[in-house]
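Encoded as structure tokens, the structure appears first; notes follow it.
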Amino acid sequence: MRRIAVVGAAGRMGKTLIEAVQQAPGAGLTAAVDRPDSTLVGADAGELAALGRIGVPLSDDLAKVMDEFDVLIDFTHPSVTLKNLAFCRKAGKAMIIGTTGFSAEEKQRLVEAGKDIPIVFAANFSIGVNLCLKLLDTAARVLGDEVDIEITEAHHRHKVDAPSGTALRMGEVVANALGRDLEKVAVYGREGQTGARDRQTIGFATIRAGDVVGDHTVLFAADGERVEITHKASSRMTFAKGAVRAAMWLDGKAPGLYDMQDVLGLH
């Protein structure tokens, strides 16, 4: 059995991950961790996820359960994830990282850790989103510089980073396909007298409202026609199942920093 730990286990995504782990053949939840000030510490992780008792108590310290898992799934916050990364690197434990909002410097720390342990890091673990990334690469190469490119995304009111990591990843894929540097061509929102649009730019627009799980659309607009590639998530379970699939795929893999394109064989 693949022994899996979930950090942030008492949160919305954490509970969904617990359910996904318990549903996956050959996988089992053997550790669950949440923040030290959580009032739920000591509770059964299965009961937190409405699955019934599974005999895995919620811990407040990852260091206490390092011997109880093979791979850690972390969808928390950059500062928390980096601390957990240090523990896993020292202990030789694999990691699945779905946290977004990392700076360029913080992402480099993931690269360095990948020299010692196997890691799957992705802005989005949905199989559909990763298929969209493949389609975006093709669309950008075919349509080239003859289109204006705009990326819109919508998420629930609780999401703390914008644009979403998925939207930024989509922008990176498109920019790379066109030989552009996203940092130089990205435009984040528009207001006032902006002047005529520069076709080399890639625009981003963000919506935060209600309980939207995650909508992403990339628009390729030419004179006379438009192409839109859209993904809409209706449940967090799609991300959780992808993360568990990645955790199973990492079994026996050499140290390295992988992504979902590797897991799905889309590279």
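Every residue gets a Cβ built from N, Cα and C, even glycine.
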Co-listed NAD(+)-binding residue [Swiss-Prot; alongside GLY8, ALA9, ALA10, GLY11, ARG12, MET13, GLY98, THR99, THR100, ALA122, ALA123, ASN124, PHE125] among ASP34, ASP37, ASP145, ASP148:
ASP34
Using Cα positions only, nearest of the recorded positions to ASP34 (NAD(+) binding site) (HIS155, LYS159, GLY165):
LYS159
Alpha-carbon distance [ARG12 (NAD(+) binding site); HIS156 ((S)-2,3,4,5-tetrahydrodipicolinate binding site)] in Å:
12
ARG35, HIS155, LYS159, GLY165, THR166 filtered to the recorded positions whose C-alpha is within 10 Å of ALA122 (NAD(+) binding site):
GLY165, THR166
